[in-house]
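*Asks:* Dropping a structure here in structure tokens format, bear with me for questions.
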């Protein structure tokens, strides 16, 4: 056994902290432009519509889904510095392209689409980050390190919009550097700032990052992608990975990311329909709520590190899924009061807000309604084009906020425990490809979640949408029960350590 020296320990944790930074920057790269994409898209290409905006938002996840297994495979056989530097360089170049999408005379929206897809492709290095942390930590360190990684990711998602808000002070016009056709305004400065952080990240990877690996008991050992040679993997790597457990965690992780993507996507349309909020009010209030949920998640990441030592990761994952189930169950409409119907607000304010379906004006006749010449207010309420608005009870604000709190508690618990259990199940073998598939399953969930919402919620309403989500979570709980005893560390499974 090679005893870890103090110098090796410090170098190992410095490298892990560089991975934390890389994870943080990957999430900032997604969220730093999320609030300004739509107005920037309208400015550079008036032909773009809201459906194309959906493709631009989705392109990030598609790029990450494609790249994650590729970078993971690369990191299995070569020093991890290579895929880390290349992926970060791609993100830097993509952010610079985003800052120049106003320059072409046509097809500007496609340049923006390409830029966001490439930023997502660069974010595929998340698989490399997590595989490195899994290999560079012992079993006792793993949960804490994975929780820190997820916390850095969550903080990145929170601070991205904050950075964007700060840069709005520059204004839409900003400053133009004609020599290189560069416009420094509220839309381009955030991505250039992100590109600068990416360059700093690359420098730190070269200067500080080193390839380290320890076994499950914390003993220093050599890996197949060691920088100074291709040393043999230690004997503890012998044995087969439990692929049933691997598939189960991938399925559970997909469900976890899917329901959270639905939760994020549904916030604005749900509150506009239920509480007659304007677009501005919905964005503002939900922004505050999601920021609080983000802070709550960071606190959960910190607490779960201590709690897992007492109860174990499997029990906490089970509890997290139950909390998410309760959160969505609370969102089901139970009362008798109907939401305000949007056409009533458009016509006049004299019609009672709770109107039975028998006296509703047919939808085809709404086209004949004319607003007063001086009417400039934005229509609010549940649009009558969504037929379920006429007979589905409203979801009270207390229900919505309680659900936000519970989902904000359950999601981070499930996220951390999934990654932690997954890395322990895989054991000492290189985990790049496996982590790539796990990241890809999460990206796929973030793609399908908004699609699910746009179809089920719009056509069938919240009762069907949230009932189906509850059903999906219940199925995931059954899967967890079936494989519960198999979700153990590689070393425990082969009798090298006690659970």
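A Cβ is built for glycine as well, from the same backbone N, Cα and C atoms used for every other residue.
Annotation comment: TrEMBL describes 15-488 as domain 'Major facilitator superfamily (MFS) profile'. Taken from TrEMBL, the feature transmembrane segment covers 17-40, 52-72, 84-101, 113-133, 154-171, 191-209, 244-263, 283-304, 316-335, 400-422, 434-458, 464-484.
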*Asks:* Could you check if the transmembrane segment (84-101) is in contact with the transmembrane segment (191-209), meaning 3+ Cβ pairs under 8 Å among residue pairs at least 6 apart in sequence?
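*Replies:* In contact, yes.
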*Asks:* In terms of Cβ proximity under 8 Å, which residues at least six beyond the ends of the transmembrane segment (464-484) contact it?
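*Replies:* Those are 244-245, 248, 251-252, 255-256, 258-259, 262, 266, 314, 317-318, 321-322, 324-325, 328-329, 331-332, 452-453, 456-457, in sequence order.
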*Asks:* Ranking 113-133, 154-171, 191-209, 244-263, 283-304 by Cβ pairs under 8 Å to the transmembrane segment (316-335), which is first?
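*Replies:* Between the candidates 113-133, 154-171, 191-209, 244-263, 283-304, the best contact partner of the transmembrane segment (316-335) is 244-263.
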*Asks:* Cβ under 8 Å to the transmembrane segment (154-171), counting only same-chain residues 6 or more beyond its ends: which ones?
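*Replies:* Residues packing against the transmembrane segment (154-171) from afar: 23-36, 184-186, 189-190, 193, 287, 291, 294-295, 297-298, 301, 412.
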*Asks:* Tell me if the transmembrane segment (52-72) touches the transmembrane segment (434-458). I count contact as 3 or more CB pairs below 8 A, with pairs 6 or more residues apart.
*Replies:* yes
*Asks:* Counting Cβ pairs under 8 Å that are 6 or more apart in sequence, does the total for the transmembrane segment (191-209) and the transmembrane segment (52-72) reach three or more?
*Replies:* no
*Asks:* Can you tell me which recorded stretch out of 17-40, 113-133, 244-263 has the most Cβ pairs within less than 8 Å of the transmembrane segment (52-72)?
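*Replies:* Looking only at 17-40, 113-133, 244-263, the most contacts with the transmembrane segment (52-72) come from 113-133.
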